[in-house]
Amino acid sequence: MKRINVLILKIISPVLAIVVAAFLSSLVILSIGKNPLEVFYTMFRFSFRRLDSVAIIFYNSTPLIFSGLAVSIGFRMGLFNIGIEGQYLIGTFLAALAGFSLKGIPAVIHIPLVILSGIIGGMLWAYLPVYLKIKRGVHEVISTIMLNYISYSLIHFLISEVFLDRSQKLLIRTPKLLSTALIPKLHGLLALFGVNLPKHVYLNWFFPLGILLAFAVYYMLYYTPFGFELRCVGQNPDASRTAGINPEKVFYKGFLLSGAIAGLVGLSDLMGYFGYMDLDFPRGYGFDGIAVALIGQNSPFGIIAASILFGFLKRGAEGIQTLLNVPMDTIVILQALMILSIVVINKVMNDYIRRIERKGVA
Amino acid sequence: MFLIELIASSLRMAVPIILTAIGAVYTERAGVVNIGLEGMMIVGSFWGALGSYYFGPYVGFLFAMAAGAFLALIHAIATVTFRVDQIVSGVALNILAYGSSRFLSQAFFKMATTTPHVNGLFKLKIPLLGETSPVIILALILVPVAGYILEKTVFGLRLRSVGENPLAADTLGINVFKMKYAGVIISGVLAGLAGAYLALEHTGMYVEGMTQGKGYIALAAMIFGNWTPKGALWASLLFGFAESLSFRVVQNAVIPYQFIKMIPYVLTLAVLAGVVRKSTPPAADGVPYERGTK
């Protein structure tokens, strides 16, 4: 009985949250004198009518899979890593550094080295907040937010003062990554199955890598001792301590793991699209990751689904802006409302199930 | 002269932090953590500019406070009535504030990130400080007023009791939920006011990202000030001082300005790392209250 309830909760609440959020955003759309039904219809039509558009949705979802997984690992142990934002910017920068400075190595070695640099950057930026939390009692939410702001300035400094591409006259950006550091697109693989993507699609190997990572995180959570400890600490740190688990140790390891995954967030854009890092490098994936993790109910597979949903929203937003002149920030509002609805709905349903169970016992 | 000017500019920089930090004292004393203050400041700055653009600065301030209160109401409904995670709700509200301001800015002004120039309030002429916004005076008055309300009035006592021990307060017949709503909404009004100050009095327009994390810094100031308005005032002045000092250093340009820009955030981290262990939050801060549970 309980298992079924949990399953219902896991599937129905996100769906309900999406519906509620869509309804509330409709009011916002109405307020600027547009027809919400037309807006949603345009989003779907624009996104799914063509194959390349569907591939773009997968490309859009790639960073969010990593970001969502990184956030969810924090949630699982009861910590809130809002610092994904800073962690991936630092990770992306270190990856770019490895990408343009290491010369004369073949791609098979260069690509893993670039990815590793991203991971190290993310872990580096995740170390300070967890250290401050355990040693000095600083709440990780405030410290990670402060580190986000610090990373913005630091990246700005590194790109515009230290590693500026001097061959460029007008643009402020790092030198270009060497061709050995760029991630191949998925076109070759898909062509084997008779799917031919046009050139302007940048879907690359980070997408399957993200899905593989989701499987790995699932395995880690449910089939390894560390995953067990992580979930225990998230449920009840005090009881875990009594059971012989050291919560501080788990926090350290878990937060660094979260940071490591965060370090991968920007790499699909860096190695698969831009090929350099500039001051306009996409921001906000860290916050999207929070929404993705919540909609995905912190389950690795739920996170994949939620990422694809958000990838679709981003694609659809481009459609409504171009075709209907509705600001694409509509989807930011939609996402925020989704976060609020999902937590409220989860809470209400949880309480409801608990009440039924209590009645059953009595 | 330089010193007086530095103090005056510190005060101007500190005002939004002071106002928001006082608000933070109210909400946290009622036991609700409000990380959405940043977002409430954002909507305050946007709606303040919008109101002032169409109807003048007074309406601008009203709009700003109403917008802040509206977001705060959502926070209260989510966290007090539905008892959802207070941090998650706050983060969602910050995203909502960012998205809705961009959306409306686009819809009203055809620009996502700025509004046209808007008018501020009349200026007071005060010796030493020069032309001074009345909001600065208001902020300084609100500090002792908030202290008095929290410490000496029945309302303040009830508010604090709800943050310390909601079960006991409930037993004594205090409406726990009403008190928590009051605390959260007061914080939203003050954060909205702070946002309007930034847009109308400080910059003369709304610019996206103009709050620059001041809502979070205000939370740190409140913690540094040990959950009291007076303490929050001194902490806010410290942050204001750091910020105004950074402008002076930029003019000399010895250190790259990106590092100067980090000062308020590094200071926040340092302050929390050094001081937070000595201070004591309200006993039931951040814990949702549910009737019928221990």
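Backbone N, Cα and C define each Cβ position, glycine as well.
Feature annotation from TrEMBL assigns transmembrane segment to A:7-33 (among others).
Remote same-chain residues near the transmembrane segment (A:53-75) are listed as 46-47, 81, 84, 87-88, 122, 197, 201-204, 206-207, 210-211, 213-214, 217, 230, 234, 254-255, 257-259, 261-262, 264-266, 268-269, 272, 282, 285-286, 288-290, 292-293, 296, 298-300, 303-304, 306-308, 310-312, 314-315 (criterion: CB distance under 8 Å, separation of at least six residues from the stretch ends). Marked as transmembrane segment by TrEMBL: A:53-75 (among others).
Summarising the annotation, TrEMBL assigns transmembrane segment to A:87-105 (among others).
Per TrEMBL, the feature transmembrane segment maps to A:111-132 (among others). Long-range contacts of the transmembrane segment (A:111-132) within its own chain (CB-CB distance under 8 A, at least 6 residues past either end) are made by residues 70, 79, 81, 83, 86-88, 90-95, 97-99, 102, 105, 138, 140, 143-144, 147, 151, 177, 180-183, 251-252, 255-256, 258-267, 271.
Remote same-chain residues near the transmembrane segment (A:144-164) are listed as 80-83, 85-87, 89-90, 93, 97, 125, 128-129, 172-175, 277-279, 281, 286 (criterion: CB distance under 8 Å, separation of at least six residues from the stretch ends). For A:144-164 (among others), the entry in TrEMBL reads transmembrane segment.
The transmembrane segment annotation in TrEMBL covers A:176-195 (among others).
Nonlocal intrachain contacts for the transmembrane segment (A:202-221), taken as residues 6+ away from its ends with a CB within less than 8 angstroms of a stretch CB, comprise 55-56, 58-59, 61-62, 65-66, 69, 72-73, 76, 183-187, 227, 230-231, 261, 264, 267-268, 271-273, 299-301, 303-304, 307. The annotation transmembrane segment is assigned in TrEMBL to A:202-221 (among others).
If you look up TrEMBL, you'll see A:255-277 (among others) marked as transmembrane segment.
What TrEMBL lists as transmembrane segment is A:289-310 (among others).
According to TrEMBL, the feature transmembrane segment maps to A:330-349 (among others). Panel annotation: around the transmembrane segment (A:330-349), residues 8-9, 12-14, 16-18, 20-22, 24-25, 28-29, 39, 288, 290-291, 294-295, 297, 310, 313-314, 316-317, 320 of the same chain, lying at least six beyond its termini, place a Cβ under 8 Å from a Cβ of the stretch.
Spatially, the transmembrane segment (A:87-105) is adjacent to the transmembrane segment (A:255-277); three or more Cβ-Cβ distances between them are under 8 Å for residues at least 6 apart in sequence.
The stretches the transmembrane segment (A:7-33) and the transmembrane segment (A:289-310) meet in space: the count of Cβ pairs below 8 angstroms, excluding pairs fewer than 6 apart in sequence, reaches at least three.
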